[in-house]
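Trainee: Before I ask anything, here is the structure I am working with.
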Amino acid sequence: MMRKWTIPSVLFLVCLLFLLPDQGRKLHANAEGDSDDLVNPPKVEDKIGAVPNGLSTDSEVAKREAESISKKSLRSNAEKFEFQAEVSRLMDIIINSLYSNKDIFLRELISNASDALDKIRFLSLTDKEILGEGDDAKLEIQIKLDKANKVLSIRDRGIGMTKEDLIKNLGTIAKSGTSAFVEKMQASGDFNLIGQFGVGFYSVYLVADYVEVISKNNDDKQYVWESTADGAFAVSEDTWNEPLGRGTEIRLHLREEAGEYLEESKLKELVKRYSEFINFPINLWASKEVDVEVPADEDESSDEEETTDTSEEEKEDEEKEEDEEGEKKPKTKKVKETTHEWELLNDVKAIWLRNPKEVTDEEYTKFYHSLAKDFGDEKPMAWSHFNAEGDVEFKAVIFVPPKAPHDLYESYYNANKSNLKLYVRRVFISDEFDELLPKYLNFLKGLVDSDTLPLNVSREMLQQHSSLKTIKKKLIRKALDMIRKIAEEDPEESNDKKDVEESSEEDEKKGQYTKFWNEFGKSIKLGIIEDAANRNRLAKLLRFESTRSGGKLTSLEQYISRMKSGQKDIFYITGSSKEQLEKSPFLERLTKKNYEVIFFTDPVDEYLMQYLMDYEDRKFQNVSKEGLKLGKDSKDKELKESFKELTKWWKTTLASENVDDVKISNRLADTPCVVVTSKYGWSANMERIMQSQTLSDANKQAYMKGKRVLEINPRHPIIKELRERVVKDAEDSSVKQTAQLIYQTALMESGFNLNDPKDFASRIYDSVKSSLSISPDAAVEEEDYSEEVEIESEKKDETSSYKPETDEDAEEPSDFKDEL
């Protein structure tokens, strides 16, 4: 019991210690002292208040790692400071545990630079002189490499930092309070909390062992902040570097293992990936090889003249040129020379920041090809560009691609990657947020840019951010509206056929929704299954063929508009193909009575109809299941009475076939009988789908199989004759055999698999014998095997009497030699 109370008490005391103001952190170094005698501030004791099984890397390991990367010493005459105690401890976490992807350090620095530029631009709205003149007025970000010294520099012409800002901003883990951070981390033991406190700058220590921050604010002198991430940093007035004018330059002295960041191609890739849409120009001091003409040496030129065969025509041209100019041109040659110039890396404009009315279709198409890396010529089917305001503000552009990727549904439930990119203030965060859109809309491509989401180090934190739910809800609404608009603008979808000539725009949109449905229709069906909140909206987008659609796709709205008066249910049937369903006996009477029946031929349709129970207060009715109502027939009672003896006898005869009941059918016209299933059980098509599953369990499937009911057609001559035979002699074995055969035939025609195909085949052969007047006892003539036995014994005797005369004869028969 004591142990149970001790741990919380210790944690509480530690939190109180962290909340106490830290005094005396500022330490002055003796300028005349030994430069190697650096400040070694006390560290927080190892693992005080730590949650078991680890909030931090082992302190000894972290210490050794920090010492190994500390290769450079701070300037002896600079003013020394100690990082906040929690910061020192956090540096070890950042370097060893927090980041899984080192590439993001450049994104963080460019993002900070963009913020600084935004601040100075905002101030310049009221004070234009604050920007200065010349290069200082250019709001841009510059990246420069020094391969010889392994230095990477990122410079901006933003607001810059004063001495006080450098100490406060770079020596403290954000302004939200380090103590609060430590308290939360102790309480939850979750590293993801680090993202809430904006430690983006410290990602530089993933790739650098020494960092300089040179900054100039209009209100202060130019200062240098420097640190080796060993628990201390120094700030001094900058009197040796080139004056910045205004802004900040960060110099990263890269570690040995970070050499890849000295390659221009790597930096271009990172900027293109993470910072492509930053508002300000990002320029790289890039090398470039050009051909330059230089004077050729006489020895080289004479050698060239000897080795080069010049045609007579070329010589004549040269002589003419010499005569015209009066003097001979000096000999030159072309050589490769490396030059450097500023190269703009983010030339694609962020069109989502503009007014949608000002963006042309060509610009949207070009942006889609750039965003989706789709280098085809086809335009996207549709796009939606909108701004969302309220608690969560964001801008978004989403596109419907012209074609579905070949693997769209192959790994539907396993793939987490979305085609929607998330940006925060034009900074790319991730394209792996499966929370932005539901899986059934993962075919959409586009981006979301929010100014209200936190730009955290720990991007995983955003997955659980409450704002994402609001963004997701609005994105789904806009996406479904965009798809609905494709249908509304498609002339083929309209019920009103216009006789006027179609414009070129209408002609272009003709058949677009059919194209969409053929590519992404399965996604809409999956959405009906998965998204209960938007099921009705998705049902409006559903398309199918029916008995009255004339081979074209139709909607539920159009089906309802064609319903007969008094029809309460929406009729449908499921199967493997439209051609098969058109011949189904279940449709016979419905077709004759002019009822429209929907064809569902996709395997996912069986699952779909388990969730789509009704539409606009009309129930769905599978015509292959019991409970079909087609109005009242005055003769129903009479028919039931007249066939009561037959139905009762037939049910008893089929007791071994697990038939639940035998009834008079109201759905048959020309077929003697059909087998239907119970209303809430599996249909024949669903049974076949489930049996074909690789890991299906026959025992579990038995619970879902619907009870089978044999429905007979009282008007069919076979059924009438069978009734007469039963009345005469109910125990007649031939009549029972016929009843069994009729049931098995109906079972197969209704789409079910036969439990015993051999038994069915035997009954068919017996029926054929009867029709051909062959005796049921006629036996199959037996074959005489005696002759074959004699021939085989003779061959054995010949083989045993054969003896090879030579070895060659033993190896190879003479006949085979002759063939060779």
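Yeah, the Cβs are placed from backbone N, Cα and C, and that goes for glycine too.
Relevant sequence annotations retrieved from TrEMBL are reproduced here:
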BINDING   E108, N112, D156, M161, N169, 175-177, 196-201, T248, R459  ATP binding site
COMPBIAS  292-325  compositional bias 'Acidic residues'
COMPBIAS  779-791  compositional bias 'Acidic residues'
DOMAIN    101-258  domain 'Histidine kinase/HSP90-like ATPase'
REGION    291-336  region 'Disordered'
REGION    487-507  region 'Disordered'
REGION    773-820  region 'Disordered'
SIGNAL    1-24  signal peptide
Trainee: Starting from each candidate's C-beta and looking 10 angstroms out, tell me which of the binding-site residues E108, D156 has the most other C-beta atoms.
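Mentor: Answer returned by the neighbour count: D156.
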Trainee: Within the domain 'Histidine kinase/HSP90-like ATPase' (101-258), what mean pLDDT does the predicted structure show?
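Mentor: Across the residues of the domain 'Histidine kinase/HSP90-like ATPase' (101-258) the model's pLDDT averages 79 on the 0 to 100 scale.
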Trainee: If you count Cβ atoms within 10 Å of the Cβ of N169 (ATP binding site), leaving out that atom itself, what do you get?
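Mentor: Taking every protein chain into account, the count is 17.
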Trainee: Residues with Cβ closer than 8 Å to the Cβ of T248 (ATP binding site), same chain and 6+ apart in sequence?
Mentor: A113, A116, R155, D156, G158, G160, M161, V213, I214, S215, K216
Trainee: What's the number of neighbouring CB atoms sitting within 10 A of the CB on G200 (ATP binding site)?
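Mentor: Step by step: centre on the Cβ of G200 (ATP binding site), count other Cβ atoms within 10 Å, giving 19.
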